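**Q** Sharing a structure here in structure tokens format.
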Amino acid sequence: MNNNSNKMFFLFILFFSTLISISSNSWFGCWIGLEINLLSFIPLISNSKNLLSVETSLKYFLTQSLASINFLFMILIKFSLLKNFDMNNIISIMMNSSLLMKMGSAPFHFWFPNIVEGLSWMNNFMLMTWQKISPMILLSYYFNKNFLIFMIIMNLIIGSLGGLNQTSLRKLLAFSSINNLGWMIFSIMISENLWLFYFLIYSMMIFMMISLFFLMNMYFMNQLFINNMNFFIKLNLLINFLSLGGLPPFMGFMPKWIIINFLLINKFYFLTFIFMMTSLIIIYYYIRIIYSSFMFNYFKMKWMNLLMKNNMSLINLSSFISISSMILSTFIFM
Amino acid sequence: MLIYDIWFLFIYMFFIGNLIFVSKNKHLLVVLLSLEFIVLSIFFFFLVLLMFIDYDMYMLMVFLVFSVCEGSLGLSILVSMIRSHGNDYFQSFSML
């Protein structure tokens, strides 16, 4: 059975559903886009016949359908209470909560590492990047600032502390994704342009990491140590991890820099502190994965050779982009 | 104010449907049924709302189509689960 044409069909509908959702005139159109998103993503992830993928698609379906049904109910309540402005806070909190549940943000994040654990790398990439677009943009249409700032703080803390005890690479990236969701929600509260910038750079970084793990077929942390990796692959992994964490010369620092700039100018000092400290914890557990392979006495198994001679150009290109993006971006406006 | 008492019915139905959804059940089918119950409560709410403001019911039909699609998707996942696990008990989740 050739799955490729099925996947292309559902992928097309997935892309289309996000466009429906973000470009609709009414909240009902947004709900329709979210429903079509769910309808087209489930066939993409429930393709194989093992127990894990069935359980994954079931959990995904249950959480997402509950969230979108709640969203519709809150839309109807908002519609029916047109003249009652006192209810605005409650309704915006409820609508934001259902959208946060769709995104996998804390405190509704418990399904997210489970499902990421059960999906393949390419499906994970779809889940972590594309599925976040439409709930985020819908969030920007009607948000409650105080509620969202509280959610951002929870996202940052849970994303950083949750990843400390993980050995599975997918769950690690899931918690890192929850942390980056905190940054993205704050950036969408500032301006949609800034969110787009952060989102594009984030998805590029995640794509580089996921494509590296996909090519090496790595799902767990011990697989990083057993393989006899080429020096450039190790370097690329280090650069990508540090870039994802937001260290300065790499690409991932730039969007965080702009957000911190905004935070400090507008005197959000406590929030800046939390952003910084949670980033520190995240960089700690990224570095912890890869640093021991760079010391003088690094672990090198002779009997597991990772032959990647044909794919080195992609890896070198991604390292180059990660290192030089910040400096090259200053040359754009020459 | 008597005319506004009907809103409580919808919120009550919605809340009960959510309560059954999050409760600990033995079967998956109960969860899917609770989803359908929430859809029913929203259908009722939407119907009364549209009647009160004298709109046409086309949006209601679109909503119905999408909810039925979602319900059938849930059932297909249930079928897939039964094919692989053999039953639809929640106890058989041991992977994640």
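Cβ from N, Cα, C; glycine included.
TrEMBL does not curate its annotations; it predicts them automatically.
For reference, TrEMBL lists these features for the protein:
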type: DOMAIN; residues: A:24-281; note: domain 'NADH:quinone oxidoreductase/Mrp antiporter transmembrane'
type: TRANSMEM; residues: A:60-81; note: transmembrane segment
type: TRANSMEM; residues: A:93-112; note: transmembrane segment
type: TRANSMEM; residues: A:147-165; note: transmembrane segment
type: TRANSMEM; residues: A:172-190; note: transmembrane segment
type: TRANSMEM; residues: A:196-219; note: transmembrane segment
type: TRANSMEM; residues: A:231-248; note: transmembrane segment
type: TRANSMEM; residues: A:268-291; note: transmembrane segment
type: TRANSMEM; residues: A:312-333; note: transmembrane segment
**Q** Do any residues of this chain, six or more beyond the ends of the transmembrane segment (A:268-291), have a C-beta under 8 angstroms from a C-beta of it, and if so which?
**A** 149, 152-153, 156-157, 159-161, 163-164, 172, 176, 179, 182-183, 186, 221, 224, 234, 237-238, 241-242, 244-247, 256, 259-260
**Q** Cβ pairs under 8 Å only, please: of the recorded stretches A:60-81, A:93-112, A:172-190, A:196-219, A:312-333, which one is richest in them relative to the transmembrane segment (A:231-248)?
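**A** Result: A:312-333.
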**Q** What else in the chain is close to the transmembrane segment (A:196-219), if you only count residues 6 or more beyond its ends and a Cβ gap under 8 Å?
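**A** Long-range Cβ neighbours of the transmembrane segment (A:196-219): 121-122, 124-125, 128-129, 132-133, 136, 168-170, 173, 177, 180, 183-184, 187, 227, 229, 233, 236-237, 240-241, 243-244, 251-252, 254-255, 258-259, 306, 308, 311, 314-315, 318, 321-322.
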**Q** When you scan the chain for residues with a C-beta under 8 Å from the transmembrane segment (A:93-112), skipping those not six or more beyond its ends, what do you find?
**A** 34, 59-60, 63-64, 66-68, 70-71, 74-75, 77-78, 131-132, 135-136, 138-139, 142-144, 147-148, 151, 154-155, 157-159, 174, 177-178, 181-182, 185
**Q** By a Cβ-Cβ criterion of under 8 Å, what residues six or more beyond either terminus of the transmembrane segment (A:147-165) are in contact with it?
**A** 92-93, 96, 100, 105-107, 109, 113, 139, 171-172, 175-183, 185-186, 189, 271, 274-275, 277-279, 281-282, 285
